[in-house]
Amino acid sequence: MQKLAVYVYIYLFVQISVDPVALDGSSQPTENTEKDGLCNACTWRQNTKSSRIEAIKIQILSKLRLEQAPNISRDVIKQLLPKAPPLQELIDQYDVQRDDSSDGSLEDDDYHATTETIITMPTESDFLVQMEGKPKCCFFKFSSKIQYNKVVKAQLWIYLRQVQKPTTVFVQILRLIKPMKDGTRYTGIRSLKLDMNPGNGIWQSIDVKTVLQNWLKQPESNLGIEIKAFDENGRDLAVTFPGPGEDGSNPFLEVRVTDTPKRSRRDFGLDCDEHSTESRCCRYPLTVDFEAFGWDWIIAPKRYKANYCSGECEFVFLQKYPHTHLVHQANPRGSAGPCCTPTKMSPINMLYFNGKEQIIYGKIPAMVVDRCGCS
């Protein structure tokens, strides 16, 4: 499946690059052959560009294992999107315009996206509804794709409300367990003491890697946690269920997992712009705008440089494509000729909501055309 992008390009080239002929098989010359040729080239490129955009939309959904684009409105996104340091860091440092085509190395990607960071929001659990009927925070569901031995980092982020005067805050994270004979229902995970000064509220992170790994090994032990953060006057500062004006302050888990890219061979090709008169196989610029699709579920990038391949692959280019020429010489009637296709593609990093309203930061392979060639 990882060769899908290449096959799509081969198909598109064959469809749009066949020379027009008359019904009797003879070519129809015109007085402005050169001008018409340039116009035809522009038309070919425009068709290729449109087809490339449609192919990208299909590939993204397929590689993310989504049957359709998640139906999440901008208002819902505003409520769910944490206004927290790790998420803002991902957005601020986003490498959306990377173009490493000058680098001769290639990444040999698998077909499906690889996950690097998962931001999981809490959900309600029946076990967390206490005797008084009030739900307690928090319960986190985890994807079966997360393997405990691949977890590099796991942090619980909580938002502490602002204070009016300097105070010491005692933070306690408790893990819920099945009731013991003595009635115990909690066991401690982390406790910490921190000083807060007047001003805006703050985000605080707590390492929960060991707890997460245990949950992944034994899913039945994941009954949820309770968060407490009291100041010196006994006021609970932890935002567990955001009130008015507290959108984006939900607790959440930030999980980072390993990802080991592979390297492959070197390749070279031509680069052109939209005004180029180059007839040979060439890479042309193409920017994909997700906002134009109405894909609000993609947090970042909002747009990226995808590029596309277009141009002719003639057998006269022997010094550039010797292997194809040898095949044609051995079987001239059995070869359909070389097609202009990507010979180097690289991934893009994407921050997005999946169908379960989880925020995923992952790498989608083969989404940027870095090199074009004839094959």
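The backbone N, Cα and C atoms fix where each Cβ goes, and this holds for glycine too.
A quick note: this is a predicted structure, and the numbers were derived from the prediction, not measured.
Swiss-Prot names the disulfide partner of C313 among C42, C137, C138, C374 as C374.
Of the cysteines listed (C272, C309), Swiss-Prot assigns C272 as the disulfide partner of C282. The DSSP secondary structure for C282 (disulfide bond) is strand. Taking CA atoms as the reference points, C282 (disulfide bond) and C313 (disulfide bond) are 10 Å apart.
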